[in-house]
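Engineer: Mind having a look at this structure? Questions to follow.
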Amino acid sequence: MNCDEIIKKLLLNPVHNTAATRGPAGENCESNQRTYTRISRLAAFQSAQTQESTPKTNGTGRATTEGLTEAEVRWLVMESRALFMSQPMLVEIAAPVRICGDVHGQYTDLLRLFDLGGFPPDANYIFLGDYVDRGDQSLERICLLLAYKLSFPETFFLLRGNHECSSINRIYGFFDECKRRYSVRLWKQFTDTFNCMPVAGLVEGRILCMHGGLSPELTDLDQIRRILRPTDVPDSGLICDLLWSDPSTNMESNWSENDRGVSWTFSESVVKSFNKKFDLDLICRAHQVVDAGYEFFAARQLVTVFSAPNYCDEFDNAGAFMCVDENFMCSFIRIEPTRTLLKYFF
């Protein structure tokens with residue numbers, strides 16, 4: 001699907017607009033029209049064949065993304081913040097749905113994912129976080145995803161990952177990209193919006209989704225619902241664990257310190273006990289590269305989904321996403337790596 005087709009998909013559907021609830025009817029109509037125009041331009045960033053965008057200037061000397069001014073990106077980010085705040089921290093999602101893991105800044109691979117799974121609104125989606133960093137097109141990626149979120153707020157969901165945090169994306173690329181192509185001010189506005197994103201999703205009450213994993217502090221799902229926003233990601237505690245923890249085999253105890261230096265690793269028995277307590281069929285999380293794009297754990301009661309193939313140009317991994325159909329049958333679609341990396345042995 002090319003950019004023109006993406007635009008048509010977006011323009012055929014109503015767009016969520018927080019401004020539409022304010023002012024006289026004429027102002028609402030004008031505001032909605034501006035929304036349509038902006039969303040369509042967002043989708044027109046690049047075609048699936050484009051490997052790298054070429055920054056342009058907006059007449060003031062400020063570098064801008066192809067066809068999009070800083071004011072328009074800022075508008076998108078602020079509207080998305082309002083939408084996130086209007087929805088719960090634990091979003092409840094109906095099947096059918098596609099569940100996608102880390103995508104980072106690999107924009108053309110995102111378009112490949114939509115080619116395989118169906119472009120919204122032909123398919124419903126929940127993404128498990130990590131939209132920015134470790135790629136040269138984080139802005140294209142996060143802006144297109146936010147545009148879809150605004151266009152289809154009840155069928156397109158974005159969870160927060162550990163890279164949607166200022167202390168992380170300041171180091172791993174997103175801050176530098178915002179500064180180079182727009183401004184530090186825009187990066188700060190992205191940070192404010194990331195601080196309002198939901199941290200977990202529940203598909204038909206049976207599949208619990210998050211970016212990282214479980215927490216020893218999580219004893220009631222209402223704890224997630226009660227998290228106040230906006231919030232940064234603390235160094236420890238429930239939010240930190242939902243975004244940072246990992247499953248691990250061959251553990252001597254149920255919980256151990258994570259080698260990442262933050263949060264925990266948890267055992268198979270933790271997963272099985274948690275699912276039994278909350279009557280869950282599956283925990284679906286992301287956060288770790290896996291060769292096939294997905295990998296089961298704890299007798300298929302947890303699955304890791306990773307959707308960025310050839311991650312960072314350092315791995316030969318495939319990407320994948322999970323499809324949950326109307327009958328709650330689960331299957332996986334792989335995003336094959338486009339190149340084989342050379343390995344040298346000494």
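Including glycine, each Cβ sits where the backbone N, Cα and C put it.
Pulled these from Swiss-Prot:
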| type | residues | note |
| --- | --- | --- |
| REGION | 46-65 | region 'Disordered' |
| BINDING | ASP102, HIS104, ASP130 | Mn(2+) 1 binding site |
| BINDING | ASP130, ASN162, HIS211, HIS287 | Mn(2+) 2 binding site |
| ACT_SITE | HIS163 | active site, proton donor |
Engineer: Can you tell me the CA-to-CA distance separating ASN162 (Mn(2+) 2 binding site) and ASP130 (Mn(2+) 1 binding site), as a whole number of Å?
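Structural biologist: Between the alpha carbons of ASN162 (Mn(2+) 2 binding site) and ASP130 (Mn(2+) 1 binding site) there are 7 Å.
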Engineer: Taking Cα atoms as reference points, rank the recorded positions HIS163, HIS211, HIS287 by distance from ASP130 (Mn(2+) 1 binding site) and give the first.
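Structural biologist: Checking each of HIS163, HIS211, HIS287 against ASP130 (Mn(2+) 1 binding site), the shortest Cα distance is to HIS163.
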Engineer: Helix, strand or coil at HIS163 (active site, proton donor), per DSSP?
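Structural biologist: In three-state terms, HIS163 (active site, proton donor) counts as coil.
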Engineer: HIS104 (Mn(2+) 1 binding site): which of the recorded positions HIS163, HIS211, HIS287 is the nearest Cα neighbour?
Structural biologist: HIS163
Engineer: Write down the Cα-Cα distance for ASP102 (Mn(2+) 1 binding site) and HIS287 (Mn(2+) 2 binding site), rounded and given in Å.
Structural biologist: 6
Engineer: Residues with Cβ closer than 8 Å to the Cβ of ASP102 (Mn(2+) 1 binding site), same chain and 6+ apart in sequence?
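Structural biologist: ASP102 (Mn(2+) 1 binding site) has long-range Cβ partners LEU128, GLY129, ASP130, GLY161, ALA286, HIS287, VAL289, PHE306, SER307, ALA308, TYR311.
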Engineer: Could you tell me the C-alpha distance between the residue listed as 'active site, proton donor' and HIS211 (Mn(2+) 2 binding site) in angstrom, no decimals?
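Structural biologist: Counting only the Cα atoms, the answer is 10 Å.
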Engineer: Quick one: give me the count of other CB atoms within 10 A of the CB of ASN162 (Mn(2+) 2 binding site).
Structural biologist: 24
